[in-house]
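Here is what Swiss-Prot says about this protein:
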- 129, 158, 159: S-adenosyl-L-methionine binding site (BINDING)
């Protein structure tokens, strides 16, 4: 089903299922003694959602090696790069900038960074997502006896609504610098909503604030990449259709938008990110599909 204004979801449907998919990938990459990332709670959460395909992914019960798009190791490499970039961004922000003691995770889904990262003392981590998603994750981890590693504060609201007011009501201080992450979020917003989100972040960001998100090549959202990933998902038993979940239409890149409103930006291409993490360069056919996509970091002077 195509996206509509005001549509809703849970962790087993629509956009919510993509959060479960990413958590399943983190669980898959966290298995074994030589795992390249460590998300000890991803499998627990995926199993609690209960979608059979993603439970099998999390447990390592699906054989991806014969897939014509990319196999198991390539899937691990991708989620390792993505997870490390956002993990390291939050960790480095707190270590390099002693004044940054608040972080905001937008569309937090099944993100467990508030529980598993080593946060500086006094850090407040705000998680924003739909109320049902927030409540589900909180309940599962609480029932398992898992406690946050920082002062975790949840903000249950759709990002298409007045989330800045809800964030401030939860204790957020816009006069203090903030570390923001928007992982796997922007393609699921209409172009105008993406611009409004970035403007809201800017309005809430004191000097010294930092932001990390993906830099998306617009043609990858509705072109061959989205179609190829949808076909791959179906080959392995998932019915997620990214071509229906991504929004069409001309889109100003987050890099361009943030630069125009005073942020200093830097983009690391996906290929460079792979090489920096010790993996070989991305195959030419995959690069042709993802275009100039990569990872964006920004600093507000």
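Please read every residue number as a count from 1 along the shown chain.
Yeah, the Cβs are placed from backbone N, Cα and C, and that goes for glycine too.
Counted over all residue pairs in 129, 158, 159, the record's binders of S-adenosyl-L-methionine, the longest Cα to Cα distance measures 7 angstrom. Around residue 158 (S-adenosyl-L-methionine binding site), a 10 Å sphere centred on its CB holds 16 further CB atoms from the protein chains shown. Highlighted in sequence order, 106, 107, 128, 130, 157, 160, 161, 163 have their Cβ within 8 Å of the centre of the Cβ atoms of 129, 158, 159, the residues recorded for S-adenosyl-L-methionine, and are not part of that set.
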